[in-house]
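To start, the structure under review is shown below, and the notes come after it.
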Amino acid sequence: MGLKRNKRRPVQSGSPPDVDRSNRHSLPEHSAPSGRGFLNASLVLAAAVGLSWFFFPKLWGGGGLIGGDTYTYYFPQKVVLQDALRDGRLPLWNSVVSLGYPQLAESQTGALSPLNIALYRFFDVNTAYNASHLLHYIAAYVFTWLLARRFGIGAVGSHLAALSFVYGWFPARACLEWAIIGGAFFPAIVWCVESYLQSGKVRWLAIASVALAAFLTTGHFNLAFITLLVSTLLVALRLTWATDGLADRVRIARWPSAAKAATAVVLGFLLAAPQLIPSAELKSASQREGGGFNQAYGNIPLWYLTQPLWPTLWFAPDINPDENLFNSNRIEAHLYFGVIPFYLAVAALFWRTEGRRDRRIAILVLAGLGGVVLATGWPMPVLRLVPGFGYFAGPGRYGMMTALAVGVVAGRVLDRLLQLSSIRVFWPILTAVVFTVTTFDLSYVHDCVTYLTFVNRAPISIRHESPVGRLLRSIETPVRVFAPGPNLPSIMGVNCVPEYLGIGPKQYYDKRLAIPRYSQEDETPELRQSLIRWLQQAGATHILAQSALVEADWPVSPATVVRDPFLNAAWGRGGEPLYLYSLQGSRAHAFLEGQVDGQGVMIREERPEAISLEVDSDRDGRVVLLDLLFPGWQVTVDGQPVDPELFEEVYRSVRVPAGKHVVEWSYSPGSFRLGLIVFAFAATALLVWLFIEARQQTTAVRTDELPQHR
């Protein structure tokens, strides 16, 4: 009996690496030889780090960014977060923005995010922000590559999928911190779900559950909702339609497998309860209660869906799409994949293959098509009534589903191209051209679309050098500054108005109670007087202006003229002077009702979540504190709990008898304590679930190893 000749052709040395024809329907967890696995891991990490450096070199060099919401929203919150962490507490309440707000509940601080806690505890704000930004880009690339591999895409094609998805959709949104955070968790969770379906191992669902909880603690729930949409679609269709590659234990127990996936989602939400329950409490008392906002804002108009056709069609220094995007802006409406990935994905529609198509990738295509439809905003009048869809504005964000689908399909087509006999020998050249052109293509579009300016020295790194900040902090009595650029002056460590919040207490949006807002061009004597009255009633002490006020029109003292390097850099206004005025006629920060000058009330101690007052009154009455009364604030008089009262529909007050008393306010939200209890229950349940599954698996293995008797 002779040896049979192996008729398979040997692999050519010039063949593209790791295009797994044998891996059409599933990717075993340890399919690659250890040497190749290490090489792939090294290449993926090198590509992820290298691309983050190419797109954001100044962040790697310790610089920073200006524009968008960075200095009006994210940095003010991050400064408060850092101060709290270094004091050994959590930032439950923000006392330096307007009348205050529940910062942890507002959520986008990400105060419970493990990564944020580590970064902002040990690094300065700018370094921590840059590190978070870059680490999430690196993670997004790695997890997208892993997801594409799990869907059967070769190593080279998976790199294209990651490049197109991560650097096509997210850099334009770099002014929105939450975008790339979602860009990392989205592919990670979908990868875990598909890994469970292919292996049947519950540990993948446990990882997905923890990842979902971590995602939710970062504080922006819209992309988490989109992640759950895709994951739900994947589980439903994989168990019923695209069943190739399912693990045997999943295939024979489809309903229990679906129930396990649902359990993982529920546990993820319960693990995030310390964030979700306070956020739900804030939403119930916010401007978003009842859906009173425009869910269709931030859509992609149908005509703007032409942007993937060619990079210069809408992206050029002399083109401003914002002029035509009436119910959106060029950031929310951005949907670009790179011209090569886009046309590769289009080619997939016409490329006939042997046998039936891989239905797993078809699921992503269905999700991508659904993402385009949702991104137009057309379904929102109906979907706004559906739980989840009605909670968020910015339907253009559903384009993230489309971006992932295009990237994965493009990677699949590239793999097939590289296997053609006429191209195979040239695969290194073709691969280099595709990746080089796509990288520069996406970089060009990013530069055209972004609202950001990247600088070598971040303004926030010199915030302690602010002369305005030093002057205001030297004042012994409470300070409240009216200034342009909402929130930004609070970075100096002083209270400022007005506020800018993603979700905030409804008093800030009630036109009867909120600060009057108008542009300088629209100012009239009536509007100016209404603003002055509001400032005086709210206890504002100073006005900071970028140009001199007409002092005859304002009850102010003569201006102190200051050139502030921090504020000017953050506002991008060079070395121009700022004008600081003391506002006359304002009520004291704390006062006895009827004595607005503050006589008889002294502030003993003030911290973000607590304030102590000494009161000396010759009659019974109310002590008023010009800060927001919100659920969770408690008050004692001489150590005895009493009921707080709402003053003028906004402020805190409490009744005290005549004489000398100590009034102490403290913020201790029951919603957060309840969240901690739920978290402890969920963590225990997850560990018990894993233990039970491990025992069952061990028992099944031992049973299989028993000798079979007939």
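Using the three backbone atoms N, Cα and C, a Cβ is placed for every residue, glycine included.
Curation plays no part in TrEMBL annotations; they are all automatic predictions.
Lifted from TrEMBL, the feature list:
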REGION    1-32  region 'Disordered'
COMPBIAS  1-10  compositional bias 'Basic residues'
COMPBIAS  18-28  compositional bias 'Basic and acidic residues'
TRANSMEM  37-56  transmembrane segment
TRANSMEM  151-170  transmembrane segment
TRANSMEM  177-198  transmembrane segment
TRANSMEM  204-237  transmembrane segment
TRANSMEM  258-277  transmembrane segment
TRANSMEM  333-351  transmembrane segment
TRANSMEM  363-383  transmembrane segment
TRANSMEM  395-414  transmembrane segment
TRANSMEM  426-445  transmembrane segment
TRANSMEM  672-692  transmembrane segment
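With a cut-off of 8 Å between Cβ atoms, the residues of this chain six or more beyond the transmembrane segment (204-237) that come close are 106-114, 116, 178-179, 181-183, 185-186, 188-190, 192-197, 258, 260-261, 263-265, 267-269, 271-272, 274-276, 279, 359, 363-364, 366-367, 388, 391-392, 394, 397-398, 400-401, 404, 686, 689-690. Distant neighbours of the transmembrane segment (177-198): 26-27, 29, 69-70, 74, 108, 110, 129, 132-133, 136-137, 139-140, 143-144, 146-147, 150-151, 165-166, 169-170, 204-205, 207-208, 211-212, 214-215, 218-220, 222-224, 226-227, 230-231, 234-235, 238-239, 245-247, 250, 257, 260-261, 360, 400, 404; these residues of the same chain sit at least 6 beyond its ends, with a Cβ under 8 Å from one of its Cβ atoms.
The stretch from 151-170, 258-277, 426-445, 672-692 with the most CB pairs below 8 A to the transmembrane segment (333-351) is 151-170.
Taking every recorded stretch in 151-170, 258-277, 426-445 and counting its Cβ pairs under 8 Å to the transmembrane segment (672-692), the highest total belongs to 258-277.
Within the chain, the transmembrane segment (151-170) has long-range Cβ neighbours (under 8 A, six or more residues past its boundaries) at 16-20, 23-27, 40, 43-44, 47-48, 51, 55, 137, 140-142, 144-145, 179-180, 183, 187, 194, 334-338, 341, 344, 358, 360-361, 364, 399-400, 403-404, 406-408, 410-415, 418, 427, 431, 434-435, 438-439, 442-443, 445-446.
Panel annotation: around the transmembrane segment (258-277), residues 104, 107, 111-112, 193, 196, 202, 205-206, 208-213, 216-217, 219, 228, 231, 235-236, 239, 671-672, 674-676, 678-679, 681-683, 685-686, 689 of the same chain, lying at least six beyond its termini, place a Cβ under 8 Å from a Cβ of the stretch.
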